[in-house]
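Student: Pulled these features from TrEMBL for this protein:
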{"type": "TRANSMEM", "residues": "29-54", "note": "transmembrane segment"}
{"type": "TRANSMEM", "residues": "74-100", "note": "transmembrane segment"}
{"type": "TRANSMEM", "residues": "121-142", "note": "transmembrane segment"}
{"type": "TRANSMEM", "residues": "162-186", "note": "transmembrane segment"}
{"type": "TRANSMEM", "residues": "198-217", "note": "transmembrane segment"}
{"type": "TRANSMEM", "residues": "237-260", "note": "transmembrane segment"}
{"type": "TRANSMEM", "residues": "281-306", "note": "transmembrane segment"}
{"type": "TRANSMEM", "residues": "326-343", "note": "transmembrane segment"}
{"type": "TRANSMEM", "residues": "363-386", "note": "transmembrane segment"}
Amino acid sequence: MVSYLILTHFKKTAEFVTDDIEDATVNKIALWLCTFTLSVAVCAVLLLPISILSNEVLLTFPQSYYMQWLNGSLIHGLWNLVFLFSNLSLVFLMPFAYFFTESEGFAGSRKGVMARVYEAVVLLLLLALLVLGIVWVASALLHDNIARKSLYDLWEYYLPYLYSGISLFGVLLLLLCTPFGLSRMFSVTGSLLVKPNLLLNTHLLLFLFSFILLAFLTEMRRKASPWQRNLGYPLAMLVLLALTVMCVLMVCFNVLELLLDETAMPRGMEDPHLGMASFSMFGSLGAAVQVVLILYLMVSSVVGFYSSPLFTGLLPRAQDTNLTQIIANCVSLLILSSALPVFSRTIGITRFDLLGDFGRYNWLGNFYIVFLYNMLFAGLTSASLIKTVTWAVQRELIRAFGHTHTLYPSTQHKQAL
């Protein structure tokens, strides 16, 4: 329901309000498929924090009868369902939704919804054969001894192998988007909050910018209470800085663990054994911090994804996003969210590395890949953080020291204004 409300908020109204019954039916079916895909993405994001919190609840109430339904088999089954639906959405549902909206039926066939369904199904089958062929060739190059034997083993081999490739692509995408998003979080949060005055004369600024758009923001600053100006913004910036620094420190600690302890390598667990021990050395407090950091990294990755020059065009706009853009956004969010559990375990945010049946064929057993990934993430995040803080300090110093010149502008400046 929440996913449907989100999509209807962004979809272009004119595209769905049409007199053509056939187009309206096609758009509704495609919107339902996008709703399901977005719901799977939300489940993929929330399942890891819920699993960590469930473990802490079982540790806190070990003898409670009402908590016995929380167990390892439940979490294991939910993980497998999320990964199965992720593959289903990425490989079948979203390509079908795109082909369905673009199809018109084969030449010579009777027009209608079923004609468009037939064309979309044929295109989808061709795409599935292409993807399976690519996966089989990749598996033959990497595992020649089992590729021929597993040619017909779709369920036990190809789906896990395909998810391994998708998770690898998603984790690489998170590696690029998350550090950039962590730096962008400061500017995004600052634009949503009222900044402190810092020696600014708001009445003068309101007069100077009375004929431009900045007048609205200046009016917000003038009406803001002293608590909002001088406490809310600095606290928000400090919280973001603390979360970012904590992520970098945890990654650095994970690098040391990788060098000293072989068990620090991420590997899929067959049984999570909930309620046996905390997944954090700091107990429930550490588990709560892990949940906050996981959600913070997800939000930062989304911000970085939509802020990058390659994907800026995908940014949805309220009541002005066509169906093709909605499909592309759902696919992108599903790739990011399905890779979040692997990403969180790889950089050491949590030791909970349940991958279910899809963890048997993964690239996480290579020490050099995991070690290099951690080093790149720590380096990129540190560089982005240092650059952001340095530029922020420079802006505030220029604003403070240049204030005397803006308070008493010259005659030429007055004429220009």
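Placed from the backbone N, Cα and C atoms, the Cβ positions cover glycine too.
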Student: Applying the under-8 angstroms CB criterion, which one of 29-54, 74-100, 237-260, 281-306, 363-386 scores highest with the transmembrane segment (326-343)?
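Tutor: Against the transmembrane segment (326-343), the leading stretch is 29-54.
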Student: Would you say the transmembrane segment (237-260) and the transmembrane segment (121-142) are touching, if the rule is that at least three C-beta pairs must lie under 8 angstroms and be 6 or more residues apart?
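Tutor: No, the transmembrane segment (121-142) does not contact the transmembrane segment (237-260).
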Student: Are there residues at least 6 beyond the ends of the transmembrane segment (237-260) whose Cβ is under 8 Å from a Cβ of it, and what are they?
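Tutor: Hits for the transmembrane segment (237-260): 182, 185-186, 189-190, 289, 292-293, 296-297, 347-349, 367, 370-371, 374-375, 377-378, 381-382, 385, 389.
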